[in-house]
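A.B. asks: Sharing the feature lines straight out of Swiss-Prot:
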| type | residues | note |
| --- | --- | --- |
| REGION | 1-24 | region 'Disordered' |
| COMPBIAS | 1-18 | compositional bias 'Basic residues' |
| BINDING | Gly26, Pro27, Val28, Gly29, Ser30, Gly31, Lys32, Thr33 | GTP binding site |
Amino acid sequence: MNAPHHPAHSTVRTKKLPPLRVGVGGPVGSGKTTLLEMLCKAMREQYDLVAITNDIYTKEDQRLLTVAGALPAERIMGVETGGCPHTAIREDASINLEAVDRMLTRFPDADIVFIESGGDNLAATFSPELSDLTIYVIDVAGGEKIPRKGGPGITKSDLLVINKTDLAPMVGANLEVMAADAKKMRGERPFVMCNLKALDGLDVVVKFIEKKGLLKV
């Protein structure tokens, strides 16, 4: 199914509130691009969306989102970071800040700017200059112990997504243990168990973005 047609926009923002910038991070293969695709498809009818993807040497994630019809091609921008992925979202986020500016020049009435980081380790976090909300994605296939390994992505992100719950029996992971460890490491910060390929848990992520991002009163 093709993404819906969006009408042409003027170059001046007409909405009172600034766009919400949502950073999506996590290790390689955890499901970041899948989450971004599902979020775009779930929210594009109600919100004006644009997406920015980060890869080190290619624009593969941009291509995947475009082929999947997550959004019209012009609303998806790929950024080649050319180095450590975490640098482009934290220490020197200028390349992504420039990408955000370019997208908002094209689509000044965007409600949400999704920014997907390149795959990285558990220490990666988004600069507060770049992201208003951060979602960190890990997956069950990475091992039952992943939540208790900690790191800023697991302990400090606004929402932790534990993806691929359907693989737990195949890798010998206990989901109850993972949930308990996530709660211990995160305290009051929320987390959600997901099987994104089956859309299981996606509604929780959407509602979190809407509530935390003040998109709905």
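Residue 1 is the first one shown; counting continues down the chain.
For all residues, glycine too, the Cβ spot is worked out from N, Cα and C.
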A.B. asks: By the DSSP assignment reduced to helix, strand and coil, which category contains Lys32 (GTP binding site)?
C.D. replies: helix
A.B. asks: If you draw a 10 Å sphere around the Cβ of Ser30 (GTP binding site), how many other Cβ atoms fall inside it, taking every protein chain shown into account?
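C.D. replies: Excluding its own Cβ, Ser30 (GTP binding site) sees 26 Cβ atoms within 10 Å.
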A.B. asks: Near Gly29 (GTP binding site), which residues of its chain come within a Cβ-Cβ distance under 8 Å, counting only those 6 or more away in sequence?
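C.D. replies: Gly29 (GTP binding site) has long-range Cβ partners Gly119, Asp139, Ala141.
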A.B. asks: What same-chain residues, at least 6 away in sequence, bring their CB to under 8 Å of the CB of Lys32 (GTP binding site)?
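C.D. replies: Val24, Gly25, Gly26, Asp61, Glu116, Ser117, Gly119, Val137 - these are the non-local Cβ neighbours of Lys32 (GTP binding site), listed in sequence order.
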A.B. asks: Show which residues of the chain containing Val28 (GTP binding site), separated from it by at least 6 in sequence, have their CB under 8 Å from its CB.
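C.D. replies: Val28 (GTP binding site) has long-range Cβ partners Gly119, Asp120.
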A.B. asks: Once Gly26, Pro27, Val28, Gly29, Ser30, Gly31, Lys32, Thr33 are set aside, which residues in the chain still have Cβ within 8 Å of the Cβ centroid of the GTP site?
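C.D. replies: Leaving out the recorded residues gives Gly119, Val137, Asp139, Asn163.
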A.B. asks: Least buried of the binding-site residues Gly26, Pro27, Gly31, going by other Cβ atoms within 10 Å?
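C.D. replies: Looking at the binding-site residues Gly26, Pro27, Gly31, the Cβ with the fewest others within 10 Å is that of Pro27.
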A.B. asks: So what sits near Thr33 (GTP binding site) in its own chain, CB-to-CB under 8 Å and at least six residues off in sequence?
C.D. replies: Thr53, Asp61, Leu64, Leu65, Glu116
